[in-house]
């Protein structure tokens, strides 16, 4: 059984991680454990590089907390220009898989608050009245009227980040081209 450490305690992220690992390896073969670790980036990462760094840092911290695990998973949401998205980073002892989620253009009413230094989740709570929205459907759930959620969008990106761990083509050694 694979011991998978999710570098988060956010229920929406843990559910996405659970769904992805279950899809790839089977529910009976995975045990998911969430741990609270720091991303090492601001609460609201800005830009792809800062956001991916946050996901990688989460994996690094989770590895320190649970070194005996088989997989470590970091998910970090961020904003780039006018869009929200997230980076997924999955590692085992010898491989790393990464993927970026789909992006959602945010309305100016939200972006204004972010430019003033507030977090997307806080702005969404302020505008919708939904407490702790980032642990639920998130901005994606609100703007798609529930057709998508943080969990569903992250699930898809996590499946892509898992590809190097199960697709045999990724294990084929590189052969030098013959002149």
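Cβ from N, Cα, C; glycine included.
Per Swiss-Prot, the feature substrate binding site maps to 8, 9, 10, 11, 12, 13, 68, 69; the stated evidence is sequence analysis. Residues annotated as Mg(2+) binding site in Swiss-Prot: 38, 68.
Features per Swiss-Prot, on structure.
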| residue | record | Cβ contacts under 8 Å, 6 or more apart |
| --- | --- | --- |
| 8 | substrate binding site | 14, 34, 35, 36, 37, 58, 74, 75 |
| 9 | substrate binding site | 34, 35, 36 |
| 10 | substrate binding site | 34, 75, 134, 135 |
| 11 | substrate binding site | 135 |
| 12 | substrate binding site | 134, 135, 136, 137, 138, 149, 150, 151, 154 |
| 13 | substrate binding site | 6, 75, 150, 151, 154 |
| 38 | Mg(2+) binding site | 57, 58, 61 |
| 68 | substrate binding site | 3 |
| 69 | substrate binding site | 3, 4, 5, 33, 62, 63 |
Among the substrate-binding set 8, 9, 10, 11, 12, 13, 68, 69, as the record gives it, the longest Cα-Cα distance in Å: 25
What kind of secondary structure is residue 13 (substrate binding site) part of, going by DSSP in three states? helix
